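Engineer: According to Swiss-Prot, the protein carries these features:
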type	residues	note
ACT_SITE	Cys99	active site, acyl-thioester intermediate
ACT_SITE	His392	active site, proton acceptor
ACT_SITE	Cys422	active site, proton acceptor
Amino acid sequence: MSRPLTKVTQQGDRIAIVSGLRIPFAKQATSYHDIPAVDLGKSVVSELVTRSGLLPEKIDQLVFGQVVQMPEAPNIAREIVLGAGLSVSTDAYSVSRACATSFQAIANVAESIMAGTVNIGIAGGADSSSVLPIGVTKSLARTLVEMNKAKTLSQRLKLLSRLKFRDLLPVSPAVAEYSTGLRMGDTAEQMAKTYRISREDQDALAHRSHILAAKAWEQGLLVDEVMTAHFPPYREALLEDNNIRKNSVLTSYAKLRPAFDRKYGTVTAANSTPLTDGAAAVILMRESVAKALGTKPLGYLRSYAFSAIDVWQDMLLGPSYATPIALDRAGITLKDLTLIDMHEAFAAQTLANLKMFASDEFARNKLGRAQAIGEVDMDKFNVLGGSIAYGHPFAATGARMVTQVLNELRRRGGGLGLTTACAAGGLGTAMVLEVE
C-alpha cells in the first residue's frame, strides 16, 4: 500500500461537501424533450444555491461539465453562472471526462480549495440526449465556408452546384469511440465474453437495480436530494426519475433480444443504462468555512484517483484500476468501506469489475499488486440501485452518486463510502467519501 495522501488545505482544513442536488433524470425524448443541457444545469444550480442559504457572491468558483456539448454554448459553466443568479464575478470553466465528468469537476474544485484560491465552489454536470448537436456532412461544411468567402452570386451558385443530395443530409452525433469505432455496447459485449458474464447474471443485476431504486423512492430516501423539475411551457412537473421499473419482473428481461451482437450477444436494452437527460451538482467548501457558517457538511472528500487504459479491449474496467489507488490514498482497505457505489453503464461491465476487484491474477498481472483488493460484500453494493435504473445523463452521474452515498452514510450513522465509474476513452475514477 502506498502512502496516504490527505486531502486538506495548507491550514489543515478538510474538503467538506455540504450539499448536493439533482433534477429527476428522464429518458431521452420524454419530459425534457426540448430542454438543452445548459437550462437543466441552470435549474439545478439555482435551486441548490437557494436551498443552501449561501449568498451568491460567496461562491468563488463553478466547475461544470457536459459530454454532448452544444456549439452555441461551449462553456456551459459560465452560461450557468450568468443564468442561475450567481455573481458575474464567480469564476467558471467547463470540463469533460466522459461518464466521469462530474467526478472531475468535484476534483477540480477540491484542488482549488486545497490550493487556497477558493473557499466555496460548486461542481456538477448536465447532459441532454434529447437536444443534440446535429451536424452536416464534410462536403456541405466545406461548401458553406467557401460560400462565406465568395464575393458574387454566381460564385455561390457554382459552389452549390457541386453538392449532391446525400451531402445535404444531417449527421447525427457519433455513438462510437472516435479512435476505435467501437460502441460502448460493443465493449460491454467484449467484457461479457472475456470475463464470462452470463445473460442471466446481467439480467439479475439490472432487476436488482430497478427494485432497489424503486424502493428508495417508495421509502422517501431521495426526496431531499431530488428537486421538482418544471420547465417551459410549464404544463407539467417531473417529481421522480422516469426510467425506474417500479414493477420489475426478472423473467421479463429474458424476452429482449441482444442489442449489439445480435447473434451471440447478451447485452440488451434492459441490462444497460438508457440514454438520459439530467443535471446534478454539489457544493464544496473548506471545513473551517463550513464551521463559520454554521453549516453541517454532508461529509468529506477523503481521496480520489483517475485511471486510463487501452481502448481496444475491455476499456470499461476503469473502476478496477482507479479504486485500488483511491483506497491507498485514503489509507484504507475495501473491508473498511460501509458503502460501495459503482456506475452501472452496463450490467456486464459492472459484474466484470466486481470480478476483477476479487482477482489476484488481475491484481498481479495488470496492477502490479501482490493481491486483489477483495471481494465486494453485495449488502454494501449499490444499495439504492444504480444507473441502470436511474438513467445516465453522462456528466451528471458522478454528482448523483456522491450525493446519494453521502446521504445514505448519514442515515447509517456515518462511515466510509466508495463511488467509482468507468468512462469512454478507457478512463476510470474512484472517490472515497467520509461521513462522521
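Glycine is no exception: its Cβ is also placed from the backbone N, Cα and C atoms.
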Engineer: Looking at the active-site residues Cys99, Cys422, which sits with the largest number of other Cβ atoms within 10 Å of its Cβ?
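Structural biologist: It comes out as Cys422.
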Engineer: Do me a favour and check the Cα-Cα span between Cys422 (active site, proton acceptor) and Cys99 (active site, acyl-thioester intermediate); whole Å is fine.
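Structural biologist: Counting only the Cα atoms, the answer is 7 Å.
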Engineer: How long is the line from the C-alpha of His392 (active site, proton acceptor) to the C-alpha of the residue listed as 'active site, acyl-thioester intermediate', rounded to the nearest angstrom?
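Structural biologist: For His392 (active site, proton acceptor) versus the residue listed as 'active site, acyl-thioester intermediate', the Cα atoms are 8 Å apart.
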